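Here is what Swiss-Prot says about this protein:
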type	residues	note
TRANSMEM	12-32	transmembrane segment
TRANSMEM	39-59	transmembrane segment
BINDING	Asp45, Asp49, His153, Asp157	Zn(2+) binding site
TRANSMEM	82-102	transmembrane segment
TRANSMEM	114-134	transmembrane segment
TRANSMEM	156-176	transmembrane segment
TRANSMEM	178-198	transmembrane segment
Amino acid sequence: MNQSYGRLVSRAAIAATAMASLLLLIKIFAWWYTGSVSILAALVDSLVDIGASLTNLLVVRYSLQPADDNHSFGHGKAESLAALAQSMFISGSALFLFLTGIQHLVSPTPMTDPGVGVIVTIVALICTIILVSFQRWVVRRTQSQAVRADMLHYQSDVMMNGAILLALGLSWYGWHRADALFALGIGIYILYSALRMGYEAVQSLLDRALPDEERQEIIDIVTSWPGVSGAHDLRTRQSGPTRFIQIHLEMEDSLPLVQAHMVADQVEQAILRRFPGSDVIIHQDPCSVVPREGKRSMLS
């Protein structure tokens with residue numbers, strides 16, 4: 001799984017960096033030719049895209065390194081750091097768009113040739129949609145937080161390019177302030193995406209539990225297993241591609257230690273079949289000690 005995960009995530013990061021570089025060159029020409037502030041906004045966003053995608057590529061490769069003596073749980077948290085860094089990059093570009101949009105709203109400047117801007121924006125829109133589709137496929141296969149953050153970023157680019165097309169069309173008919181207004185709107189959307197991305201990254205760094213549906217699946221597997229009378233103290237988190245799962249099994253006091261160990265091993269394998277690549281720790285408790293320790297069984 002880890003090899004497949006690493007291959008897909010690396011390809012997604014390389015594809016994003018290459019696409020952002022191509023779009024940057026196209027947008028530099030379009031902005032130089034038309035003077036459109038909306039295209040300037042898209043150009044700045046492409047610069048941010050390159051920085052974010054390069055950061056993603058480097059961090060993802062680092063996060064795929066196996067655990068070592070100093071990092072017993074691996075390097076998966078680097079993905080969350082990459083997502084957090086992306087949110088900062090994007091927030092900076094949003095601030096630039098606000099300032100530029102306000103300046104051109106106060107002093108609108110007619111564009112030289114909106115038609116060229118329309119053609120360039122359509123090309124950028126098609127390229128970005130192709131990239132987002134590939135990233136979405138990778139996210140479905142890997143659940144990579146870094147690729148998901150990159151995908152959200154490029155999804156905002158799709159919205160941006162659509163807004164730019166509309167702004168260029170309106171400017172063509174003489175409404176020159178439309179360009180600046182759409183730049184402000186794009187900036188608001190980008191800032192919202194950045195804040196949401198940053199929140200998710202921070203939650204991961206703070207070891208947020210797995211989603212409720214996944215935790216319920218774990219509980220269902222454990223509590224339905226023969227020889228298990230109950231369970232408690234389920235603790236979960238995720239670091240990169242690896243889920244960390246800890247749970248206490250409740251077993252009859254009379255169950256021999258060897259048999260209790262076999263049951264725990266079977267439960268562990270069942271969890272791993274459902275969540276491959278997970279790090280699972282199971283502790284066995286006699287039923288009689290659970291009330292004394294103040295634990296509440298998941299079956300009660």
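Glycine too: its Cβ is placed from the backbone N, Cα and C atoms.
When Cβ-Cβ distances below 8 Å are used as the criterion, the transmembrane segment (82-102) is approached by residues 37, 40-41, 44-45, 47-48, 51-52, 55-56, 59-60, 63, 145-146, 148-150, 153, 156, 180-181, 183-184, 186-188, 190-191, 193-195, 197-198, 200-202, 204-205 of the same chain, each at least six residues removed from its ends.
Just so you know, the Cβ of Asp157 (Zn(2+) binding site) picks up 27 other Cβ atoms within 10 Å once every protein chain is counted.
Within 8 Å of the centroid of the Cβ atoms of Asp45, Asp49, His153, Asp157, where the record puts Zn(2+), the same chain has further Cβ atoms from Ala20, Ser46, Val48, Ala52, Ile90, Ser93, Thr128, Tyr154, Ser156, Met160. Spatially close to His153 (Zn(2+) binding site) yet at least six residues away along the chain are Asp49, Ala52, Gln86, Ile90, Ser193, Met197, judged by Cβ distances under 8 angstroms. Neighbour density for Asp49 (Zn(2+) binding site): within 10 A of its CB lie 28 other CB atoms from the protein chains shown.
Neighbour list (Asp45 (Zn(2+) binding site), Cβ cut-off 8 Å, at least 6 residues apart, same chain): Ser93, Leu97, Asp157, Met160, Ile190.
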